[in-house]
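I grabbed these lines from Swiss-Prot:
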- 2: N-acetylalanine (MOD_RES)
- 18, 19, 20, 21, 22, 23, 121, 122, 124, 152, 153: GDP binding site (BINDING)
- 18-23, 37, 39-40, 66, 121-122, 124, 152-153: GTP binding site (BINDING)
- 22, 40, 63: Mg(2+) binding site (BINDING)
- 39-44: motif 'Switch 1' (MOTIF)
- 65-74: motif 'Switch 2' (MOTIF)
- 67: 5-glutamyl serotonin (MOD_RES)
- 185: phosphoserine (MOD_RES)
- 193: phosphoserine (MOD_RES)
- 211: S-geranylgeranyl cysteine (LIPID)
- 213: S-geranylgeranyl cysteine (LIPID)
- 213: cysteine methyl ester (MOD_RES)
């Protein structure tokens, strides 16, 4: 049976290699931790239908390789993305220091209006932390990002990260800030929304005419 949904959003998962991007995606799609995860080569893909704010939304999620040698390949997948998880490892300052470059890529190659949530992953390794919550919060605030610390291992805040991003996109559609019909918006109407959009015209076409007698 074909899936029905109100909207389809294209999402990216971006950040340096070894931050747990593939594990976050796997936890969100399969609701379990991905054992023996290797570095992504190129891109990986997953999708899931979720309910957000009374709407049914299909998330198409592209997990991009973090290694520099794959950047030219993965950048082509940025186009037309509506949302992104920008991931660093709380136990690796090096991955945190590279966030600005990843964010620049997202806003340049996808869209200046892309909705981004910063994810400090591997929260379960808090004793090995190199990046404080306060420091990352400040970076998020300065760059107008949402922010959560996540654990792909335990699942903590993984679902919330994706849903929070989707909820923000829906709010921007409702406010008129984002237009699903604009080319490259990363948003498509699903069957449900298309039927609702067409309904007024159909109803208008068959509306009874007033009697002239």
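Cβ coordinates are placed from backbone N, Cα and C, and glycine is handled just like the others.
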What's the CA-CA gap between residue 22 (GDP binding site) and residue 185 (phosphoserine) in angstrom, rounded?
24
Is it possible to get the count of other C-beta atoms within 10 angstroms of the C-beta of residue 185 (phosphoserine)?
20
Which one of these binding-site residues, 22, 121, has the sparsest Cβ neighbourhood, judged by other Cβ atoms within 10 angstroms?
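22, out of the binding-site residues 22, 121, has the fewest neighbouring Cβ atoms within 10 Å.
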Within the chain of residue 124 (GDP binding site), which residues six or more apart in sequence place their C-beta under 8 angstroms from its C-beta?
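The answer is 151, 153, 154, 156.
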Please report the distance from the Cα of residue 121 (GDP binding site) to the Cα of residue 63 (Mg(2+) binding site), rounded to the nearest angstrom.
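Here the two Cα atoms are 15 Å apart.
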Given the GDP binding site residues 18, 19, 20, 21, 22, 23, 121, 122, 124, 152, 153 in the record, what is the largest Cα to Cα distance, rounded to whole Å?
17
Compute the C-alpha separation of residue 63 (Mg(2+) binding site) from residue 18 (GDP binding site), stating it in Å without decimals.
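Distance (Cα to Cα, whole Å): 13 Å.
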